[in-house]
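Written below as structure tokens is the structure these notes are about.
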């Protein structure tokens, strides 16, 4: 029996999706634009292992051209690009669709840039959480709003409420002055109160520091998601006696549904070390599922092109270590959940095609084309683990 190791490079899109114009994202290309930026600055992106596994070819399949500094090479894995069927370009939609369940309904959104949340909801939150007030109530970058309101938050003990183009209600609070457990309790109550609004996630955003220029978000972020609308590959594997090891924020994204073991870790090195530890002990018939969040939160949303490039190069250096821990029957999958082009306007996600790079001793190298849904990965995993087929998605041929 096989094991699958799925690493989600959160936000690593490889070219604008066919419907990107509906999202204002036509022309977005996270990988391509990072490569172009580094090439123009005389420091071409160095990703030999990702290239070996088919990244450059998947990008060419997605866009019709090689990224700057990349060219045709012999690949040692199966590669494809995939479009998203789900209605949104958010984290839960992307991950659920990867596991076979596209989101065909429309999420609720708080669309007003200022005074974003309904007064009735805010009043309910203050009462239920025994709060005297709040700050924010707007669309904002998570780091910028700390600079603007962090000191006032410490003085007042009012939590900071904010949102974005995603279906989210985010709450920032100081770990010491407000309290981490108190923040989690507030988020749990808000999660219950916003059910009528069909919001995908409430996110706890704890931070530390004592003034505007040194506030820093911590690794104690917690996402409060709704359950996927249907059973995912995770459920099917568990039901058949298999094991799902969720690393990083994966368990939060699926609201714990279908997760056998949740491993908390942070930072690229910490998350990949946790993945290696899981690979050492995981039995056959196990899915090891890791989200590498920093690509998105630290570099994509913050439009930090250099930081994103460095993180990609660091990840690339990890790949031989991951591969050396694989058994002969293991399948490694490198993919993403949406784009977040650091060269793009604004701070939000971008609607993009994603890479699907599959490798292992039993995987035949080559082009698997342009896929019509992220759910093709879920169907592929069903076939790998000999599970009942998902309703959507077409399995990728591995050999």
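Heads up, the Cβ atoms here are built off N, Cα and C, so glycines get one too.
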From 10, 19, the one annotated by Swiss-Prot with 337, 338 for Mn(2+) 1: 10
Cβ-centroid neighbourhood (8 Å) of the Mn(2+) 1 site, 10, 337, 338 excluded: 8, 9, 11, 12, 91, 94, 95, 296, 336, 339, 340, 349, 354
Nearest-integer angstrom distance between the alpha carbons (Cα) of residue 10 (Mn(2+) 1 binding site) and residue 296 (Mn(2+) 2 binding site): 5
Among 296, 337, the most crowded of the binding-site residues [Cβ within 10 Å]: 337
DSSP three-state assignment (helix, strand or coil) for residue 296 (Mn(2+) 2 binding site): helix
